[in-house]
Number of protein chains: 2
Amino acid sequence: MASVLRQSDPDFEQRFSAFLATKREVSEDVDRAVADIIHRVRSEGDKALIDYSKAFDRVDLVQHGIAITPAEIDAAVASAPAATVEALKLARDRIHSHHARQVPQDDRYTDALGVELGSHWTAVESVGLYVPGGTASYPSSVLMNAVPAQVAGVERIVMVVPSPDGRLNPLVLVAARLAGVSEIYRVGGAQAIAALAYGTETIAPVAKIVGPGNAYVAAAKRRVFGTVGIDMIAGPSEVLIVADSDNDPDWIAADLLAQAEHDSAAQSILITDDEGFGNAVVSAVERQLQTLPRTATASASWRDYGAVILVQDLDASLPLVNRIAAEHLEIATADPERLLAGVRNAGAIFLGRYTPEVIGDYVGGSNHVLPTARSARFSSGLSVLDYVKRTSILKLGVEQLRALGPAAIELARAEGLDAHGNSVAIRLNL
Amino acid sequence: MASVLRQSDPDFEQRFSAFLATKREVSEDVDRAVADIIHRVRSEGDKALIDYSKAFDRVDLVQHGIAITPAEIDAAVASAPAATVEALKLARDRIHSHHARQVPQDDRYTDALGVELGSHWTAVESVGLYVPGGTASYPSSVLMNAVPAQVAGVERIVMVVPSPDGRLNPLVLVAARLAGVSEIYRVGGAQAIAALAYGTETIAPVAKIVGPGNAYVAAAKRRVFGTVGIDMIAGPSEVLIVADSDNDPDWIAADLLAQAEHDSAAQSILITDDEGFGNAVVSAVERQLQTLPRTATASASWRDYGAVILVQDLDASLPLVNRIAAEHLEIATADPERLLAGVRNAGAIFLGRYTPEVIGDYVGGSNHVLPTARSARFSSGLSVLDYVKRTSILKLGVEQLRALGPAAIELARAEGLDAHGNSVAIRLNL
């Protein structure tokens, strides 16, 4: 079962630091293999995609085609249960509404000297979205990655998804259509990332690549970074729940397990000020684990990475909360706003007893692509800002150049950059 | 001398594509050495910093101290020419005013269903700023990196700067004081990056590392990414000037050379619609090169990477401008706003005949840390946004959970995540 840490124990700081430093991912060394795959896709294009898909996914792209056709998407939509399509539409609409509020505004102004300054935002022209195959092929993730791009005004949203043994989750095609994805290709792995970055005969290159993937995909994204933009490299999911004893232990246990079922490297942490409540949650977790279809995964996650942290009072949890910097933070107390005010580091926060994190996974409207592994200390969840970029604008007339030029010349000379100084001096006859 | 490309030539597209694909950087393979350095700093702390500084910088940190003392900074301020300090203050104040407009606002609202949503912005708690030693030790870059952090509200701004042979540019200490840097350490290279990421006895770790550096610094930043955040990896500088024939060729030549003097791998490009004007600029460049102190660097840059692109008319330059996606774009025409409207990709744009890019390097107020090597297609210059992060907030009551819960359960089941469904169902007795 999960570890128990007591803030009152004399060795708490040492144990908590060790807990924070625990690595939950084995980083496979796939960099050499990925470098070869990228090289071959750059030099051989579609032919490399066809060969790798045959070798890794056991699928013949000559027969099936690299591009997924509109007719295939039509068929996926027709085959999907109506209730699921409706739920996806609700999710899409709520994600769209929330993200529309994130579109940054241009700022153009003239300062007291008469200098015009500005920040001008434009959408990235084209984006590639990686979608994993197999059991982690989630339609909700397609919406979470593609809808903000659509809101930002990205013209070309390209999706790649492998079809191992020819199998493809039809719901990811449904989600792609709902989210305005413009092209879909039946490729995955490092070869798909290389195709998006450098292009092939069939796939035109994009400017930025987003979306989760396995070790090969992550290594390929790191390698092509610079040629294209990339999003964060996501690690295993995690939830931190701060709960008082007035919660139903079964509700909190269900939330811990919702995280644990994702991955044996997922992490679920409870912080509470009541040891009896903590024990009740642990019992409820053990009980609920019996009936879960993904019990092997959830059990391993809870056993290896789960934790119950007992604090003297919930206010004392705040420094721990901020050091954990969890991807998901639930505050299940009577007055969650009070603790919220002290939270500095978290990807997303879920307030009160009726906001299980799962609502944020699907239909809350906020994004479920969030910083993991303590990276909420320095980064944010996916948003419209990931699909736009800002250009600075500066405009001086001769008077403004007269006012500012001498200081620029002074600094250029102090830095030993004479040609810098000249470009100002020549305009002012200095 | 620089290449000349004519849009009217039949092989223009081919030549322009090759020009865009030109690599300007030799990427040294230093990754193995950097991995060793990081490992040693993690295991030996200050001792490793002392050893590496002796070996690489020929400086004894036991004698001089790892930390730079307030008294040393006082001495630097006292020794600096008053005019330079005044120019730095003007720059600092203008950077501060401009960046204050970039601070993002929290957004908390309730939607039609009664769901509360929010985006809450907080500053990164601590930031490390790398400052190179030697000739590229620029006080202006200290201001450009540190002032936005100060505006964002970063509590701990830590600077590291090597002192090869014990020498340190006193102006970087002056700039650090003006910009609110809270700690300065006399270390550089991969060892300084490792110290910032993992901490030593003397240097507490930070959450994010920014600032330019050599191949070792860049490789170290890539390696520690994830443990801490990093900014972009900056390449050699570049300017693209779109100019009509009404400009003084000497002014435009001066601007091209201001970029070329930075680095032999810097790039200066002129686009014009008048071949005679283009020739006049080329002659002016050759003439001005004779008298520049950094003529060797500037000549090499102009010879190897400089270019003049002749277009039929300036409107026809826009597709080229957007493909080049330059770090700096000058539009030196009578009506620069007309072309501006068609620019999609650029780090910073300088409008009109009296806005040489150099103003933006120092005292314009906008940031001079900008995306290089065509990365303006997908990224932005440094801003306050690089020092803050956004947390999503979600809050439902029982009624909102009743409204949204069934769709979440539907999607959880469609994705095979039963525990996800349970955490909603258990609260609704479903």
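Every residue, even glycine, has its Cβ placed from backbone N, Cα and C.
Here TrEMBL has B:Gln259, B:His262, B:His420 binding Zn(2+), and the candidate from B:Asp304, B:Asp313, B:Asp315, B:Asp361 in that same listed site is B:Asp361. For B:Ser237 (substrate binding site), the same-chain residues that are 6 or more apart in sequence and have a Cβ closer than 8 Å to its Cβ are B:Gln259, B:His262, B:Asp263, B:Ala266, B:Gln267, B:Glu327, B:His328, B:Thr372.
Of all residue pairs in B:Ser237, B:Gln259, B:His262, B:His328, B:Asp361, B:Glu415, B:His420, the annotated binders of substrate, the farthest apart have Cα atoms separated by 56 Å. Less than 8 angstroms from a Cβ of chain A: among the binding-site residues B:Tyr130, B:Gln191, B:Asn214, that describes none of them. All protein chains shown were included, and the count of other CB atoms within 10 Å of the CB of B:Glu327 (active site, proton acceptor) stands at 29. According to DSSP, B:His328 (active site, proton acceptor) sits within a strand segment.
The separation of B:Gln191 (NAD(+) binding site) from B:Glu415 (substrate binding site), Cα to Cα, is 46 Å.
Residues B:Tyr130, B:Gln191, B:Asn214, recorded as contacting NAD(+), have a largest CA-CA distance of 13 Å.
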